[in-house]
Amino acid sequence: MREELIQGLLDFLNASPTPFHATTSLAMRLEAAGYRHLDERAPWHTEAGGRYYVTRNDSSIIAFKLGKRPVVEGGIRLVGAHTDSPCLRVKPSPELQRQGYFQLGVEVYGGALLAPWFDRDLSLAGRVTYRRDGKVESQLIDFYQPIAVIPNLAIHLNREANMGWAINAQNELPPILAQLASSETADFRALLAEQLAMEHDFNPDAVLDYELSFYDTQSAAIVGLNQDFIASARLDNLLSCYAGLQALIDSSDEETCVLVCTDHEEVGSCSACGADGPFLEQVLRRVLPEGDDFVRSIQRSLLVSADNAHGVHPNYADKHDGNHGPKLNAGPVIKINSNQRYATNSETAGFFRHLCLENEVPVQSFVVRSDMACGSTIGPITASQLGVRTVDIGLPTFAMHSIRELAGSHDVDHLVKVLTAFYSSPELP
């Protein structure tokens with residue numbers, strides 16, 4: 001069972017180089033589990049016992065199953081995560097021809113660790129919008145193969161490279177795609193048209209626009225002498241998306257359960273498909289009772305905001321509070337912050353800790369050092385948007401926001417187990 005779960009995660013990570021592909025991957029798995037797609041632009045006809053999902057912008061997804069018990073009595077069990085990760089995105093007019101090389105100008109998306117992007121075999125994926133037979137359409141593309149690299153400057157030409165060299169994103173990050181003859185001119189949109197023809201078997205009249213990200217082609221892997229770790233891009237936060245999906249599929253059908261995986265968390269969530277937008281509330285208002293009963297249902301509900309936590313690094317242990325250093329493979333972490341950077345309170349933390357104890361899942365706590373700034377999640381955003389009680393949790397991770405992150409392989413079981421118990425729980429606090 002564990003091997004199957006881990007292999008499923010690796011396959012999901014490899015199939016999801018962008019939020020668009022992650023949403024497609026989640027939708028495919030939901031379809032296989034009997035969930036039916038709902039179109040936001042069409043009327044909905046849902047019923048108790050039904051399983052449904054809806055997407056927005058091709059990059060956010062909400063899946064839910066309507067339980068047998070009325071939500072005004074039992075509330076809703078929600079798990080939230082996000083589909084996006086820090087990366088390098090191609091600019092609208094990206095072509096650069098410098099010293100005979102074809103390069104693409106890129107913009108840094110989110111708070112990326114930039115140094116690990118150098119000397120990697122990079123590919124390109126995302127969504128392309130084009131004109132075809134007089135209509136505007138969109139498709140996902142993925143080059144799959146290594147097509148670009150950002151070479152480092154040799155240490156002989158940069159003797160201070162190992163002493164804290166600052167990276168200039170404008171000048172130093174454009175990847176090299178090809179070497180051009182003096183008579184050649186780079187045309188990125190023509191390249192995209194060729195890729196559309198190869199992947200989807202048609203020739204567009206014109207490529208109009210795109211949202212494309214570079215990604216590392218190295219596959220997700222189990223590493224360590226005892227296979228203790230998962231190394232992959234985008235563990236933050238596709239790991240939580242996958243765990244939430246598995247828990248939703250594995251849980252009982254008695255209660256109403258929701259999985260929400262939104263885009264744009266890494267840049268503030270303020271978008272039509274982000275957690276700071278109306279997506280979740282609009283979906284809930286279409287399937288829950290109206291008026292007073294809607295508020296009653298929300299107030300009986302609980303959200304588990306699942307997003308990776310900072311594991312205590314053996315080489316940098318002083319970056320953590322001495323009493324709050326989460327270890328990899330020691331269970332999910334309850335995140336707490338007095339300034340509401342996390343939405344956890346004593347009641348929601350206590351309930352999650354209770355679930356872990358009841359299901360023999362180890363559990364840890366995280367509080368940022370008092371002299372350091374604290375990050376945040378979709379937890380406080382969703383709590384303030386919806387008025388739902390929330391606990392912020394996540395699995396301990398090294399190298400968060402690097403091109404390749406590290407998490408504990410045993411923690412995947414821990415998280416799926418406790419989230420399944422949460423979805424199946426007959427009582428909420």
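Using N, Cα and C of the backbone, Cβ positions are placed for all residues, glycine too.
Residues near H401 (Zn(2+) binding site) in space but far in sequence (CB under 8 A, at least 6 apart, same chain), listed by position: S85, P86, G110, G111, A112, L113, D236. What Swiss-Prot lists as Zn(2+) binding site is H82, H156, H401, and the listing cites sequence analysis.
For the binding-site residues H82, H156, counting C-beta atoms within 10 A of each C-beta gives the highest total at H82. Secondary structure from DSSP puts H156 (Zn(2+) binding site) in a helix.
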